[in-house]
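Engineer: Quick one: the structure is below, and I'll ask about it shortly.
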Amino acid sequence: MHPVRKQRLYLVLFLVAFSSIAIGLVVYGLRGNINLFFPPAEVAAGKAPLGQSIRVGGMVVDGSIQRSEHNLEVRFELTDYAATVPVIYEGILPDLFDEGQGAVASGQLNADGVLVASEVLAKHDENYMPPEVAEALERSGASPGGNSK
Amino acid sequence: MYFHDLHSALHMDGHGAFVWAAYAITCVVLLLIVVAPLRRRRRLLREMSAEARRQRGVPTQGSEA
Amino acid sequence: MWTFFHKLGSPPWLYAISGSILKYLLPATLLALGVGMVWGLLFTPPDFRQGDSYRIIYIHVPAAAVALAGYYVMATAGAISLIWKMKMADIAMQCCAPIGAALTFVALVTGSIWGKPTWGTWWVWDARITSMLILLFLYLGVIALYEAYDNKAAAARACAVLSLVGTVNIPIIYKSVDWWYSLHQPASIKFTGESSIHPSMLYPLLLMIAAFYALFACALLLRMRAEILDRERRTGWVRKLLEADAV
């Protein structure tokens, strides 16, 4: 290869490699701050800060949803199958929010270890199928929904 | 078709506004990225032909350079 | 092989061949897009969980996929421009940017619209969405940087450097759903093993992805044709072209 062009090729490769490593290191270093996400196991272990805005995600525990009679307040529990976090939320829940489905609640942890949520979002997995196929799977014992992290 | 009439296809069980809006915006943008360069090319060819005619001394509708 | 590479660098050759390709590719692409959209909107079953809102997948996923791939096309053109100082590579890189920006915009907007009825929000700062926004900024940055220079050669060099520096963003976007806890779910189309999307839904999706790739090619060639004409207006081959057209 022409020597000048070879030099330019090395420059291009250096550019890509250097920027990838630099940006990769920054992203890796910031990973704790990017997330501020805590699985229930870490919340139960006391690793989540109190009085600071955090996110807790997991599956909504079956039978844990309690809706208040006179206002929009709702209580439920989130689990990662290692620990459970109780959540209080006042507001409208997304359509896809349901027991046995994934959800992410953001808010502040109070002294009792309950997350007072300012926002609750539903999380769905990557499975797409028609309703009949899902019903058939349920009947045969397999769950139509895969796992949600 | 999975919808039994036009109305249910537009309404989509309450999600129709979301779906049709998303498709409409997409179609507009996709058409734009195809049509814009086509029109630019045609405009360029028109301009260049007009200039070539002027240079050859062919009388044009406007004033002579 | 080198002769082909050489031909690619010739404006009249590229102008001629792109014209022949587009004559068939453009109508085929538009047809595929039309068929795919109608198929996805009306002739696929609803999703067991999301209902009809999932139909946005047929435009959201293809737009996002091609926005990512298009960035590599732009960066590769930039690399070729830097190494071989090939004018055609400059033109290709410059023309990729607005198309990539448009597709990234479509991905973000359709994703946002899809997120409202499913997740419950128009926007969330999770890893996938944030890195896609960065991709949009990179594309816009290349467009802006190009306009900032009077000298086209210097502009091309700056844009090539920016494109190359940003390439690390593509694998970040792709792996963001696996590396970080994100609201956005992992990929449904798997390259190894079985996809987690039902075949009746997968086939129209694959058609739309192919159609979007073809659309990128059409848009790129169309844009390059106009740009080549503009830059080469004083040359002999363009003059001959005009004479041939002028009746």
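Glycine too: its Cβ is placed from the backbone N, Cα and C atoms.
Just lifted these from TrEMBL, have a look:
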TOPO_DOM  A:1-8  topological domain 'Cytoplasmic'
TRANSMEM  A:9-30  transmembrane segment
TOPO_DOM  A:30-149  topological domain 'Extracellular'
BINDING   A:HIS124, A:TYR128  heme binding site
Engineer: As a test of reading the model: what is the averaged pLDDT for the topological domain 'Cytoplasmic' (A:1-8)?
Structural biologist: 85
Engineer: Just to be sure I understand, if DSSP states are collapsed into helix, strand and coil, how many residues of the topological domain 'Cytoplasmic' (A:1-8) fall in each?
Structural biologist: 6 helix, 0 strand, 2 coil
Engineer: Test of understanding: give the count of other CB atoms lying within 10 angstroms of the CB of A:TYR128 (heme binding site).
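Structural biologist: Excluding its own Cβ, A:TYR128 (heme binding site) sees 24 Cβ atoms within 10 Å.
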